[in-house]
Amino acid sequence: MQEFAIAALSIVLHVVNYNATAQVEHATRVFTKILGKNAVYYYAVYLVVSALVRDHFIQQAVILDQGSFSIASKPIMQAAGWTLGAVGIIMNLWTLKALGIKGMYNGDSFGFLMDAPVTDGPYKYMQEPQYNGTTIVLIGTAIYYQSFTGLVLAGIMYAVFMISVVFVERPHMLKLYSKNTNKNK
């Protein structure tokens, strides 16, 4: 139970972390002042490391709960888990290709605004493909290990992502781009 709580907390803290640091950078340019013009790239590495820490705690909770459910034989569950994991990773890589590093890792908070919303790549088919892909990877992990805890954590992760999008990320992005539009008039 402790591992589950730590994993759930790591999901929330990761999202709070990248939203808070993006807001701080936008308001103060502190990271750019300290790290220079390539700060967004250092920030991207920082966010990847933060996600890896989150994933470590999730993995611990999932492994402790492995075998807690089974709807098919272990080889079938593992194949399904691998397949879903691969689909989620491909979605994230496809999103990275569509957005670039600056687009995927809060570059707009560093002053790198895109000319128009991205509508190609995975955005042709869905909103928030990076979050969908990350959640699908976790669902795949849960199925691979046959972990009910993993499925619950995937639900928590998706809910936290969507709450963040609706209440923090989308309003922040609209504010940034409305300022940019007003400057161009």
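Placement of Cβ uses the backbone N, Cα and C atoms for every residue, glycine included.
If you check TrEMBL, you get these features:
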{"type": "TOPO_DOM", "residues": "23-34", "note": "topological domain 'Lumenal'"}
{"type": "TRANSMEM", "residues": "40-58", "note": "transmembrane segment"}
{"type": "TRANSMEM", "residues": "79-96", "note": "transmembrane segment"}
{"type": "BINDING", "residues": "Ala86, Val87, Gly88, Glu169, Arg170", "note": "S-adenosyl-L-methionine binding site"}
{"type": "TOPO_DOM", "residues": "103-145", "note": "topological domain 'Lumenal'"}
{"type": "TRANSMEM", "residues": "143-168", "note": "transmembrane segment"}
{"type": "TOPO_DOM", "residues": "168-185", "note": "topological domain 'Cytoplasmic'"}
Segment confidence, the topological domain 'Lumenal' (103-145), expressed as mean pLDDT: 95
Gly88 (S-adenosyl-L-methionine binding site) CB neighbourhood, other CB atoms within 10 A: 22
Beyond the flanks of the transmembrane segment (79-96) by at least 6 residues, Cβ under 8 Å: 72, 104, 121-122, 129-130, 132-145
Count of other CB atoms lying within 10 Å of the CB belonging to Arg170 (S-adenosyl-L-methionine binding site): 13
Which listed residue (Ala86, Val87) has most other Cβ within 10 Å, given these are binding-site residues: Val87
Contacting positions for the topological domain 'Lumenal' (23-34) when only residues 6+ beyond its ends and CB under 8 Å are counted: 42-43, 106, 109-111, 172, 176
Site extent for S-adenosyl-L-methionine, whole Å (max Cα pair distance, Ala86, Val87, Gly88, Glu169, Arg170): 28
Helix, strand and coil counts within the topological domain 'Lumenal' (103-145) (DSSP): 27 helix, 0 strand, 16 coil
